[in-house]
Amino acid sequence: MGIKAALPKYEIYFYYAVLCLAMFWSTSWIFEVSSSNANKKTFKTSVKPGWYYFGRKMDTADFEWMMWFSTFREHILFALSGHVLFAKICSMLAPQYRSLVYMVYGLLAVWTSMGWTYVTLILSHCILLYSISLVKIRWLCFVTGLCTLATFKCEPFVSWQAGFVEGDFELRHVLFYGGCGFTIMRCMSFALENCERKDGNYSILELLKYNFYLPFFYFGPIMTFDKFYVQANKSDLTRKERELWNISLQGLIHLGVVIVVDVLFHFMYILTIPTDMKLLKHLSDWALVGLAYFNLVYDWVKAAVMFGVINTVSRLDHLDPPRPPKCITMLYVFAETHFDRGINDWLCKYVYDYLGGKHENVVEELVATLCTFGVTILWLGPCEVVLFWAFFNCFGLNFELWTAKLFSMEPFASFEAMSRRIRAIFNTFNFWCIVLFNVLALNSLDFAKLVAKRLLLKGFPITTIIVMFMTYCLIQVIKERERRQALIDDPDPLPPAPPPNAATSPTGAPAAPAAAQPVADPSKEKAE
């Protein structure tokens, strides 16, 4: 509704100019705070000496980023390079067995990194959920999977299962929970797809091939079983034109983003500053609002790069993995807010769309969102912060449906351009709700409360109005981009061509000959 309503060009250019100035101004504040507090005592644990060429310290507060691209990058590169090598050899010599080679290599890699007892634990969960799937009762498969997932979230089951991991190394905790959690979600996908199969059952070998595909095993993303089964057993391995070039380009882009983020970590300590509440209370409104926004942008970049590296490997294996998450800057609705598209696709397929239908009925939508966020809470691990995050996002998702129904009625539906401006005002508040609710999960409850108080209470009315106006400009820029894309994907239909002269009458009989027309002069025709 109204997505193709255009605004004047000068208005759009004005919005772009305002956004650039706001971004520059906020960044300068954060840079100043980072430079003046680099040697602070509370920063010693996370702000450490960085690259020699810059002569500055570096923000190392994010364990995941440092693990992937600094501490354990050699180990990760070695494992993924071995997978690519063996997969390529198999694709050339025996492409029909490539999914089996993926499984064997992944099984050996997990065995080497975590020990045979951990492999036994994973296999026991696979066998359990496979056995339940043979009954072909959907709710039973779902309940069994959720109960199995819950054993990794509560004591004493967690400690008992963690004892199956051999050795004591820094990545032990991450690999244990990553491998087990994603294994349960994959097994549930397999079981639910097996319930939908009309003739017979999938073999347990197909489940093991699906689960032990190494690029997806520890860190995701999740590809639902129906997609993986079709793509991994595809016999035609020919590539589209320039596909390898696009894969290589994607890999180079990810490398460039990693370098850019590492460079920025030397100048803006956006991850360490939010941990010091005393410092935060003395920051300006611009620095605080910028920190909240940049934290979300960084988390999206991290997800896009880490999943992008894995997706590059899987695309070399002729798979079509879940796309990276949508950029947080382009989000102003709760329905599109996610940082892991694989989990999002899984939840939509098996819970949200299954229960919500066409998402038009208010009651059905409420039930679907409650169940979806219930599973999400279990996946993330129940705690105070996760419960707050789930409640606010669930409310936001339902509130959007109510608002959309309101704006589909008259008189709003009749005024396209004006309706776009009105909806952009509502989307402005929606955008900051998304930012605050997700900052709550990514940072801390105290940081989210401080940003909300400064933005809505202490900063009112000056800071509130200025920030909301700049967010309004951002929303209009996003809507303009969506409008152009909509015109490309679904161009407006051309007016119908005039009907040709009828050769027959409506009854089917030949029409009467038209009145004789004078013969045109060839010289006149040429002149015309």
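Each residue, glycine too, has its Cβ placed from N, Cα and C.
Annotated in TrEMBL:
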- 502-521: compositional bias 'Low complexity' (COMPBIAS)
- 488-528: region 'Disordered' (REGION)
- 12-31: transmembrane segment (TRANSMEM)
- 76-94: transmembrane segment (TRANSMEM)
- 100-130: transmembrane segment (TRANSMEM)
- 212-230: transmembrane segment (TRANSMEM)
- 251-271: transmembrane segment (TRANSMEM)
- 291-313: transmembrane segment (TRANSMEM)
- 424-443: transmembrane segment (TRANSMEM)
- 455-475: transmembrane segment (TRANSMEM)
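251-271 is the stretch from 212-230, 251-271, 455-475 with the greatest number of Cβ pairs below 8 Å to the transmembrane segment (291-313).
Within the chain carrying the transmembrane segment (424-443), a Cβ under 8 angstroms from the stretch's Cβ atoms is held by residues 274, 292-293, 295-296, 299, 328, 331-334, 337, 385-386, 388-389, 392-393, 396, 400, 403, 451-452, 455, 467-468, 471-472, 474-476, 479, all 6 or more beyond its ends.
Each of 12-31, 76-94, 212-230, 251-271 was scored by its Cβ pairs under 8 Å to the transmembrane segment (455-475), and the highest score goes to 12-31. Stretch with the most C-beta contacts under 8 angstroms to the transmembrane segment (76-94), considering only 12-31, 212-230, 251-271: 212-230. For the transmembrane segment (251-271), the list of distant contacts is 27, 30-31, 33-35, 37-38, 43, 46-47, 50-51, 54, 56-62, 65, 69, 291, 294-295, 298, 301-302, 304-305, 308-309, 312: same-chain residues at least six beyond its ends, Cβ to Cβ under 8 Å. Tertiary neighbourhood of the transmembrane segment (212-230): same-chain residues 79-80, 83, 102-103, 105-107, 109-110, 174-175, 178-179, 182-183, 185-186, 189-190, 193, 202, 206, 306-307, 310-311, 313-314, 317, 319-322, 340-343, 345-346, 349, selected by CB-CB distance under 8 Å and a gap of 6+ residues from either end.
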